Structure formats: C-alpha cells, structure tokens
Amino acid sequence: MSGISFKSFVQSQYTPIPLPNHDFTGQTILITGASRGLGLEAASHFYRLNASKIILAVRDARKGPECIAFVRQYNPSSNTTVECWELDLTNVETIRQFVAKAKNLARLDAVILNAGMATMSFQAIDGMEKTLATNVTGTFLLAIGLLPALRLSGLRNNIRPRMVLVSSQGHEAAAFAERDADDIFAALNDADKTDMTDRYDTSKLIQLLAFYALKDTVDKSWPDSITFTAVDPGLCDTDLTRDIPLLIRIIHRIMKMLLARTAEVGGRCLVLGAADDEHSHGAYFKDGVIGSPPVAVTDPEGVELKNRVFSQLKSLLYSVDPQIMDACPVMESDEEAIRLN
C-alpha cells in the first residue's frame, strides 16, 4: 500500500465504531448507491433513528421493493417514509430526471454520495471510462444539481443541510500519473496509456479533491449554508470489487475475512458523518471520529492540484449537461473552463 502504513491500516480496521444515536426526527435523507452494502445499511440506521423520509437512489428500480423491505424490517409500523428513486450515474438523463424530482422536495437535510464502482478493465460509456463516469463525473453532476435543493431547504426550514462524500483511504495510494497532463480527463480516458490497476484509487483521489474544491466554491457564494463532510468507512465486506479479476478478487476476499468491517458497521460511519450540521464542516471522518481534511487537499501541492482538477472537471460537466450546471448559481465558468471547452 504505497502511501499507507499497513500497521495504521490494521489498527484502523480494528477500531470499534459506535452505534449512532443521533435523532433524525423530521429529516429527509437521500442516499446514492443504496440498493446494497453501506448505502442500504446506512438507510436502516437512519430509519432506526426516526428520519421522516429516506430516499434510496438505486440503479435498478426493480430492486426497490426489496430494498424498502430490508430497511423497514425491524420496525414495519414506523411512520418513516422510504422511497426508491432510479439513478444511474453513467446515464445523464437519469441524473437530470433525479435532480428535477429532488427540486420538488419540501425538505432535504442530507445527501450521502455513496454510489461507486471498481474495475480494472477499460470500458467506455459515451466516451468516458466507466469508473470515472460513475465515481467522478456522474457523482459531481448529481452533487452540483442537488445544491440548489439543499440551499432552498436550508432557507425554508432554517436548517444547515449536509452533503456527505463516502471517501476511501485508497486515495493515499493513488499514483495518478495523469495529474500533470494538460487535459487530465482526456489522459484518463486514453485506453492505450492509462493504468487501470490504479483507476479506483485515482478516482477516489480525484473525487476527494473535487469535493473539497466544491466546498470552497459554495463557501464563497453561500457561506454557512451547507455542511460538506467526507467519510472514510474503511475496508468493508461489500461487493464493491465484484468486477475485478478473479485472482485479485480472491486476495481481496482473504483480506476482507481477516480485516474487513461488516457492511452494517461501515454504514454506521456514513450516519455518524451526516449527524453534525455545523462542527463537521470540511471535516474528514475516519473510524467514526471527526478529523482534519487529508493532506492531499491541504498541502500546497494538493491545493494546486485540487483547483486544477476542479476547473477541468467543471469544464467537462458543462459539456455533459450545461443545463444542470447553469441551474446552480455557484457554478460559474472560469477562464480555464472556457479555454478547455
């Protein structure tokens, strides 16, 4: 694990995660990647903690009834509303429809950006490698599209909504060889040159950089309006690695048997990260504990890379769906974005 101390990783994995006890009464919580794993387990915790409405964003709407039944199983008589909304982060039209639907919510307290994928084979969707399309461009087109709904919810209900990114310690291991390219995303989408064995870690680093840059952008235009928090749930026993080669999957399976947290415990981390609406702004939760942002986004090199990545990402997102971007007042095209277009 380049950039990661194995000793600290093991210690982290064996750190107990407390059961969340925050009261979410009256709140509406939206979770992406909620058909399985951490997202579904987090939804169950929000349900237990009295959330008023839980929105499960799932790629396959046919799984909706099963997901809702899982969340409701421990207290079927609860007054909490659980809904499934279709969302495929590689499909711009479903993102557009999802954002439009969210605008009709009377209240939106927290958005948990949990959906993600990992693969080592290059597969392009509309010209974008699938891991990037899911973990980066789709995630941030959705996040930016939901910002106006969060802002309006805050004003209407006198609250400070939260946007929570599910991160990964893997960002510390990312080689990210494309970081010095004139056009980072074009380099990442070059099937002949890019290293897919590094793709997941690199996507999580880009995700983290862009998330903190988005936080900075919102802070300037809408100060004290939305809390941005990143959460590292650690290695968890989910099927995230189901699409990687068999031999590596077997190695991962052994590592998970020895070190992984259960999906339920990982789900606790997401809930803990979403519980605080003020003091956790800009924080990075690890092992269920609030901490400072990673060095990757705070040291001079990281700050420069953060701003450059986000500038190029904005340009890319404007080319993907200018309507969603223009609908968010804080997303103004800067000179770099215009140049790249």
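Note that Cβ sites are derived from N, Cα and C of the backbone, with glycine treated the same way.
According to Swiss-Prot, the feature active site, proton donor maps to SER167, TYR200, an assignment based on similarity to another entry. Per Swiss-Prot, active site, lowers pKa of active site Tyr is recorded for LYS204. Sequence annotations record features per position, and here Swiss-Prot assigns NADP(+) binding site to LEU38, LYS63, ASP88, ASN114, TYR200, LYS204.
All features noted in Swiss-Prot, drawn onto the structure.
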{"residue": "LEU38", "record": "NADP(+) binding site", "DSSP (3 states)": "helix"}
{"residue": "LYS63", "record": "NADP(+) binding site", "DSSP (3 states)": "helix"}
{"residue": "ASP88", "record": "NADP(+) binding site", "DSSP (3 states)": "coil"}
{"residue": "ASN114", "record": "NADP(+) binding site", "DSSP (3 states)": "coil"}
{"residue": "SER167", "record": "active site, proton donor", "DSSP (3 states)": "coil"}
{"residue": "TYR200", "record": "active site, proton donor", "DSSP (3 states)": "helix"}
Q | Other CB atoms, at most 10 A from the CB of LEU38 (NADP(+) binding site) | A | 28
Q | SER167 (active site, proton donor) and LEU38 (NADP(+) binding site), distance between Cα atoms, whole Å | A | 12
Q: Take the C-alpha atoms of TYR200 (active site, proton donor) and SER167 (active site, proton donor) and report the distance between them in angstrom, rounded.
A: 11
Q: Enter the number of other CB atoms within 10 angstroms of the CB of SER167 (active site, proton donor).
A: 24
**Q.** Between the residue listed as 'active site, lowers pKa of active site Tyr' and ASP88 (NADP(+) binding site): CA-CA distance (Å)
**A.** 18
Q: Please find which two of LEU38, LYS63, ASP88, ASN114, TYR200, LYS204 have the most distant C-alpha atoms, given that the record lists them as binding NADP(+), and give only that distance in angstrom, rounded to a whole number.
A: 27
Q) Near ASP88 (NADP(+) binding site), how many other Cβ atoms are within 10 Å of its Cβ? A) 20
Q: Pop the Cα-Cα gap between SER167 (active site, proton donor) and LYS63 (NADP(+) binding site) into the table, whole Å please.
A: 25
Q. How big is the gap, in Å, between the Cα of ASN114 (NADP(+) binding site) and that of SER167 (active site, proton donor), rounded to a whole number?
A. 8
(Q) At 10 angstroms around each C-beta, which of the recorded positions LYS63, ASN114, TYR200 has the fewest other C-beta atoms nearby? (A) LYS63
Q: Would you mind reading off the Cα separation of SER167 (active site, proton donor) from LYS204 (active site, lowers pKa of active site Tyr), to the nearest angstrom?
A: 6
Q) Going along the chain, which residues six or more apart from LYS204 (active site, lowers pKa of active site Tyr) have their CB under 8 A from its CB? A) GLY116, ASN135, SER167, SER168, GLY170, HIS171, ALA174
